[in-house]
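A short worksheet on the structure shown next.
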Ligand code: AMP
């Protein structure tokens, strides 16, 4: 059975067609610059990349183009072969604890939390509607970034602020990257050869966006992102945790609106802000090699924040079996993994420096004598989306 996993952004559409339940990837690709001049359609299939540049007006047109390519390249003999479409949806508020089959009521519920994810949810809905228009009889499923974290208890998700902020406006920690944290914790249990319901792990999803998650017996107990993805550890362009009073202080000093200051915390901070060079980990490590002091500070600051969260989650979980690294940086930047693990000596964690040079492949990167296993686990959100889709339409 063929299932499409979709991640729609405001001007982009990422897709992957999977053969289920084998979980094999048939094609993957992305349409970028939708609605702008010279949109880019690119699709990987059979080791080749098919690229086309033309104006693609909207998501509906992008979906039409994708579907007709699947037929013209004989990836499917007819569109009837696609039996389900799974959509990544960023915010499910407190309503969605799991993936669901999309109907009008679900769309209305997703729209009702649009103000919690004003950039993402409307874009996700655009993707859902575009596929519904093109494949009206194919069931569509929503897989929420927030759902996995709905198992957190109030002591983890409540902020210590006036309680009415929560009851009136839903101000609480929601957490994100849930699909990735869930996938990695499942793989970790398999690598540890332990039942999931006896496994405690800390997942470090470190990509351009980054968050940690404490997972006990398969359930999220706490996570570092918060009400929005701005909280937690320093990221490519996001600050992570800061004293909130800085917002007002900078707004007054620089004569900027709150919107502008928050935008700088989202788009001009983290790696980019401290280094003044780049938000990309590869650029930073090149600069570190040259001895660039601000880049050294940027990567060390992030590693300290990651290690501090690991320490807190280790205590909260009452110990753990494994610490897992995933996403662009976690899977590839052995330098960052080393910086983090160097700070974990008190936990009796020992890195295997040879194994740590591995990139992008499931690997145990700790020494056998290490108190806690260190695992490199490439994430796979598309497989999770396809699994949930298969289960719900099954
Ligand atoms: P993601 O958001 O998960 O796609 O991760 C993006 C981040 O991963 C960027 O900072 C990239 O520089 C980083 N990244 C990807 N590949 C590598 C690599 N081979 N070495 C170091 N960093 C990498």
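Glycine residues also receive a Cβ, built from the backbone N, Cα and C atoms like all the rest.
Nobody curates TrEMBL annotations by hand; they come from automatic prediction.
Classification of residue 381 (Mg(2+) binding site) by DSSP places it within a helix. For 7, 381, the entry in TrEMBL reads Mg(2+) binding site.
Taken residue by residue with DSSP, residue 280 (ATP binding site) is part of neither helix nor strand, so it is coil. Around residue 280 (ATP binding site), the same-chain residues six or more apart in sequence whose CB sits under 8 Å from its CB are 208, 236, 271, listed in sequence order. The annotation ATP binding site is assigned in TrEMBL to 14, 205, 206, 207, 208, 209, 280, 281, 282, 328, 329, 330, 331, 332.
Here TrEMBL flags 88 as substrate binding site. Every protein chain shown contributes to the tally, and the Cβ of residue 88 (substrate binding site) ends up with 22 other Cβ atoms within 10 Å.
Look at TrEMBL and you will find 145 tagged as active site, proton donor/acceptor. Within 10 Å of the C-beta atom of residue 145 (active site, proton donor/acceptor) sit 26 other C-beta atoms, taking all shown protein chains into account.
Taken residue by residue with DSSP, residue 177 (site 'Transition state stabilizer') is part of neither helix nor strand, so it is coil. Its Cβ taken as reference, residue 177 (site 'Transition state stabilizer') is surrounded by 29 other Cβ atoms within 10 Å in the chains shown. According to TrEMBL, the feature site 'Transition state stabilizer' maps to 177 (among others).
In the three-state DSSP classification, residue 238 (site 'Transition state stabilizer') falls within coil. The Cβ of residue 238 (site 'Transition state stabilizer') lies under 8 Å from the Cβ of 209, 229, 230, 265, 266, 267, 269, 270, each of these being in the same chain and 6 or more residues away along the sequence. For 238 (among others), the entry in TrEMBL reads site 'Transition state stabilizer'.
Largest Cα to Cα distance within the recorded ATP binders 14, 205, 206, 207, 208, 209, 280, 281, 282, 328, 329, 330, 331, 332: about 23 Å as a whole number. Here the binding-site residues are 14, 282, and the one ringed by the most other CB atoms within 10 angstroms is 14.
Cα to Cα, residue 329 (ATP binding site) and residue 177 (site 'Transition state stabilizer') are separated by 15 Å. Closest to residue 282 (ATP binding site) by Cα-Cα distance, out of the recorded positions 7, 88, 177, is 177.
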